[in-house]
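Asker: So Swiss-Prot has the following annotated:
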type	residues	note
TOPO_DOM	2-8	topological domain 'Extracellular'
MOD_RES	A2	N-acetylalanine
TRANSMEM	9-29	transmembrane segment
TOPO_DOM	30-43	topological domain 'Cytoplasmic'
TRANSMEM	44-64	transmembrane segment
TOPO_DOM	65-106	topological domain 'Extracellular'
CARBOHYD	N80	N-linked glycosylation site
Amino acid sequence: MAEPWAGQFLQALPATVLGALGTLGSEFLREWETQDMRVTLFKLLLLWLVLSLLGIQLAWGFYGNTVTGLYHRPGLGGQNGSTPDGSTHFPSWEMAANEALKTHRE
């Protein structure tokens, strides 16, 4: 069986979200009339959290490679492309370790 095209899902997404918001709005009005606002506020905050996480997930799906490309540049350097490979050896630190430690009085 043919798999659904990803674009079809994205085209149906706004209608689904608007339908869910419409349903939530009518439920909000019913609960407003019954004065049960704690449940409504909880549902609104939960919906906000879910929509925010969904938005972050979708944005990462679209722009994740671009963001990763900004931080990781393959090349001669080490991690993130800015540190040379031989920089893990710090001879100045080794020489400083051999010196006697100075106190604040000296």
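Here the Cβ of each residue, glycine as well, is placed from N, Cα and C on the backbone.
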Asker: Could you tell me what the rest of the chain brings near the transmembrane segment (44-64), counting residues at least six beyond its ends with Cβ under 8 Å?
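Answerer: Sequence-remote neighbours of the transmembrane segment (44-64) are 17, 20, 24, 28.
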Asker: Taking helix as H, G and I and strand as E and B in DSSP, count the residues of the topological domain 'Cytoplasmic' (30-43) in helix, strand and coil.
Answerer: 12 helix, 0 strand, 2 coil
Asker: Cβ under 8 Å to the topological domain 'Cytoplasmic' (30-43), counting only same-chain residues 6 or more beyond its ends: which ones?
Answerer: 24
Asker: For the topological domain 'Extracellular' (65-106), what is the mean per-residue pLDDT, to the nearest integer?
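Answerer: The predicted confidence over the topological domain 'Extracellular' (65-106), as a mean pLDDT, is 62.
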